[in-house]
Amino acid sequence: MGSEKDSESPHSSVSGIPNPKCRGPGKKQGRISFHSLFHSKRGPRGSKANVGTPLAQQLHQQQQIQQQQLLQPPTPTNVSSDPSTADPAEPLSTSQASLGGQELLECPLCLVRQPAEQLPELQGCSHRSCLCCLRQYLRIEITESRVQLSCPECAERLAPWQVALILDDPNLMEKYEEFLLRRCLASDPDCRWCPAPDCGFAVIASGCASCPRLVCRREGCGAEFCYHCKQAWHPNQTCDSARQQRALSLRTHSNHSPSYTAEQGHTDDIKPCPRCGAYIIKMNDGSCNHMTCAVCGCEFCWLCMKEISDLHYLSPSGCTFWGKKPWSRKKKILWQLGTLIGAPVGITLIAGIAVPAMVIGIPVYIGRKIHSHYEGKKTSHHRRNLAITGGVALSIITAPVIAAVSVGIGVPIMLAYVYGVVPISLCRGGGCGVSRGKGRGVRIDFDEDDGPITVADAWRALKSPSLGESSLEGAASGLSTTSPSEGLSVAPGGLGDTPHFNTLAGGALGARTGKYSRLEVQGTELGKEVAGRETGSLGAASDCASTRGMAGSITSSYTLPDREGTNLEIQVDIETKPSHLCLTTEEDLAPPTAAMAPGVGEEPQDCSSRRSRTVMDSPLGLSPGMSLREGLRDVTLAQPESIRSDLEMSDTQSDDIAELTSDDCDSPHPKSCHGAPPQATCRALNPTDSLHCPDNVILYV
């Protein structure tokens, strides 16, 4: 009886030996384990067996998702009851750091774990990125002409051999080397690139400013271009007129082209770099005006097209950081006057506000910082309050000292900027418009500027070693000496109302003469050490010279109109080193007929052929003492030729002067300059004549 009662008691299910007579109670009191959720046996009651099935399926699906995320194959459904194999957390965590015994590193660019062999270590820094990301990075940089390559994570420069190893692309490497070469040649002022299409040949034209006709020596090219304007060669034409002609033809071609639309971008969006001349396109998207050339690395302002520093937009230059055009002259002058007048009031107001703000604001700021420092820490309230009180008390003592030092240093700096930097910056080069008239006091010019910088203006502003920087625009008569070599500009143009512009030795002169008018021009050129700037030319019937700025330009062939009683006198004084020009006295000059005809149909000559010639034939003659109405014209023009090298030059100079004068040349109607009948006094000199080379040449016509 006792054994039966014990077996029927509710505590019998806890015993180690199960009782077959008590199946029901033993089933109800059984323990629930994690293994039983997946492998539960169906009992006689189906309702109880179906309760744990959905929960088991959900847990099984979650486990499969985790396994797929960790890149592990799914485990089979029948999992053993061993707890060491039931939890796969430990083997999966170790697989993230190694794969087959190899160390995995995370790329900072694509955030993908890869073997260490795929992440090369760059020289100079400890950063590592995968090869795929590095190749894409270098490909983008080289395609956009950025050759100053650096590490993607720091500013450490990459060596060319590292770039070659990472790229492993001969075409990109060739382009990279070409961009490096262009960047290097951009610093050479005498480097000229061939303008022919599909030609990347460069010419180092050192000392060719006096003979600007250059020829590309690349095999199959042979293009001729100008040293000054860097465009196709334009014989008997100035650089400005050739540029205008090209612009006109391009505009005409664009208007008739079917692909031309009126919605194309403005020319103001494309400007050349002020250092290397590479064209740069600026998107009209509201970006800043601080530009950086990708070819030469020049930093310049898009509005004024000048190389700038970081303080350019803080100075009163009229250029704004975000604007589309610079300030007008009126706005700059008004801003200057307002600054000069209102500076004391503004500085006093700023100092009056800054002193109490610092005296009150510094203690408040210190107290808040100390309170936030102790807020998250487990410290006593007494210690925190003591630190806050001490910091505020110390800041109250030091705040007046800081305010006094700031005002004592800041106010003189602002006064020096307002009354020193602002006037100097605005009045530099006449930008302030303030001028002093004769007996009229100070005059302020409020005329507006010409407008924004265009492509043509930007090209004219390029720094070039050419001797000619003068413009041929306008019809004002006078002598322009804007070239660095102080050259001569002579223009015996039409003797009527229409001026003629011809450039010689670096300048431009528009001669406008009327009835009984007289023109006298005298120019001087000092000898320089540079061979290209030691030569002067006074016109020749050859097309072997650019007439832009023109040391070594030509005078175009023309016929003087028949004007009654008009005399023209030109005096030329050139001081230079001895050249191959040889002049004799007036008795040695014979009147050949060849000198009377203009040099038409001559073959163009390059620099070498130009230097080999000693005297160029004159295109026309103006006989001294003969009136133009009688149709007798004779001229004697001398042209010192280019000197080959500094070794062939002599430091001695001669004082010989060849003069062709007449006592009657000053009269409106000269009959003759000599007692004998007038004769032509100009002939082509023989290059073989061993005559003395003069230094000073004075010509009277």
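Cβ coordinates are placed from backbone N, Cα and C, and glycine is handled just like the others.
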**Q.** Matching range for Swiss-Prot feature annotation, zinc finger, among 107-156, 307-356, 407-456, 507-556
**A.** 107-156
Q.
On the three-state reduction of DSSP, what should I expect for Cys293 (Zn(2+) 4 binding site)?
A. coil
**Q.** Other CB atoms, at most 10 A from the CB of Cys301 (Zn(2+) 5 binding site)
**A.** 22
Q | Cα distance (Å, whole number) from His312 (Zn(2+) 5 binding site) to Cys107 (Zn(2+) 1 binding site) | A | 40
Q) How long is the line from the C-alpha of Cys229 (Zn(2+) 3 binding site) to the C-alpha of His312 (Zn(2+) 5 binding site), rounded to the nearest angstrom? A) 29
Q. Within 8 Å of the centroid of the Cβ atoms of Cys273, Cys276, Cys293, Cys296, which other residues of that chain place their own Cβ, given that this set defines the recorded Zn(2+) 4 site?
A. Ala186, Pro274, Arg275, Gly277, Ala278, Ala294, Val295, Gly297, Cys298
Q. Same-chain residues six or more away whose CB lies under 8 A from the CB of Cys130 (Zn(2+) 1 binding site)?
A. Cys107, Leu109, Cys110, Val112, Gln114, Gln118, Leu119
Q) Highest CB neighbour count within 10 A among the binding-site residues Cys133, Cys239, Cys296? A) Cys239
Q) Here the binding-site residues are Cys110, Cys273, Cys276, Cys293, Cys319; which one has the lowest number of other Cβ atoms no more than 10 Å from its Cβ? A) Cys110
